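Trainee: A single structure is presented below for examination.
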Amino acid sequence: MQDLTINAIGAQGDGLARTADGKPAFVPLTLPGEVVRAKMDGARGEVVEILAPSPERVAPACRHYGVCGGCALQHWAAEPYRAWKAEQVRLQLSMEGLETEILPTFAAPPASRRRVALHARKGGKGQGARLGFKERRSWNLVSIEECPVTDPRLVAALPALARLAEPFLEHPKSAPTLHVTLTATGLDIDITGVERKSGGLSADARMRAAMAAGEGDFARVTLAGETIYGARQPLVKLGQAVVALPPGSFLQAVPAAEKAMVELAVAEAQGASRVADLYCGVGTFTFPLAEVAQVYAAEMSAPAITALKAAIGGAPGLKPITAEARDLVRRPVLSTELAKTDVVVIDPPRAGAAEQTVEIAKSKVAKVLGVSCNPQTFAKDARVLVDAGFKLVRVTPVDQFVWSPHIELVGVFTR
């Protein structure tokens, strides 16, 4: 056992301290200024007792907190927690030698997440499937009965989702993950992690899965993209468009966070004639942007582009949209192709957009709106743009994954 003083919260949400011999220690579920007694395992500590609690400590919102690995910071009061999220953005920018105005963090409300990944395991003898999230720093499963982060309609479906998971556990090597999205027409579930080398899911298991899906009144169930049950098309509204989601497609996790980011993008596109929406997905930004400007949209996923194109005709009052399936890593939109583009909106995956950023930097584009789920790769791409003459005007942190260490952001560049 060691008594430790927590000096700060690290990037993964753990408390940072120094042991008696000066070595770094990482202690989860602690807060700055606290003195704790911890059981050490190498550099990691587990709190045994809080000797001096922080005045910023609050009661967690969830009974599973501390064991479930989904949340790391429920025990921290809202104001310092949000300030810490903004500081993580500032730190990553500073590592690339960048400074800018960081606006107040947009905080997504609890009980609003519409997209989750639930893991399924076999229950005990005579029991059904267990469904939940992984334990903190473990492969073990925490069976959940509540989740204050998630939309209550999805939480209410947990028993039906557990019944759906049972047929997918027929093979001992299967470890299913249910990727669940709440849409306007019901739950859309894509299931991965099912052993398929031994002939795949049996006919009996498919039949039982379809029956469970019907009883749960799900919109659609797919197995790694293959539809095994479809009562109705999963639909989402993006701007003025209604989009039919392809299986396994990306959608922002929290509608309020999506709305905030879209509003920022549309505000920056005011007065533009042509906008490029890169890594457009199914059109999260494309359709709202098309209310104010012509839009060129590019995305690697061909099914996403097909869904986007199919929705254009049913969306009234939009300016022209051109969309293509394009790998923006292997075939980024060239600077010459951006010659008549006024604004670029780019929302890459966590790895960033190094190849595409080089082409934007070489172009004559006057404004870039960067949306990112990874401040580290955003900062690296931002450095390239700034070196090419852009100014990073401001950044808005977006706390979409509330109580987790993850932070998203929207940055505005001009030149």
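Glycine too: its Cβ is placed from the backbone N, Cα and C atoms.
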Trainee: Can you pick which of Q252, Q270 Swiss-Prot lists for the same S-adenosyl-L-methionine site as Y279, E299, D347?
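Mentor: When Swiss-Prot describes the S-adenosyl-L-methionine site, the candidate it includes is Q252.
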Trainee: Quick check for the class: what is the C-alpha distance, in angstrom and rounded, between Y279 (S-adenosyl-L-methionine binding site) and C373 (active site, nucleophile)?
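Mentor: That separation, Cα to Cα, works out to 13 Å.
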Trainee: Could you give me three numbers for the domain 'TRAM' (1-52), the DSSP helix, strand and coil residue counts?
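Mentor: Secondary-structure composition of the domain 'TRAM' (1-52): 0 helix, 30 strand, 22 coil.
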Trainee: Would you mind reading off the Cα separation of Q252 (S-adenosyl-L-methionine binding site) from C373 (active site, nucleophile), to the nearest angstrom?
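Mentor: About 11 Å separate the Cα atoms of these two residues.
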Trainee: Based on the record's binding annotation for S-adenosyl-L-methionine (Q252, Y279, E299, D347), what whole-number value in Å is the widest Cα to Cα distance?
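Mentor: So the binding residues stretch over 15 Å, Cα to Cα.
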Trainee: Once the DSSP letters are reduced so that anything not helix or strand counts as coil, what is D347 (S-adenosyl-L-methionine binding site)?
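Mentor: SS state of D347 (S-adenosyl-L-methionine binding site) = coil.
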Trainee: Around the [4Fe-4S] cluster site formed by C62, C68, C71, C147, list the extra residues of the same chain whose Cβ is within 8 Å of the site's Cβ centroid.
Mentor: A61, H64, Y65, G70, Q74, F133, I144, E146, P148, V149, W403
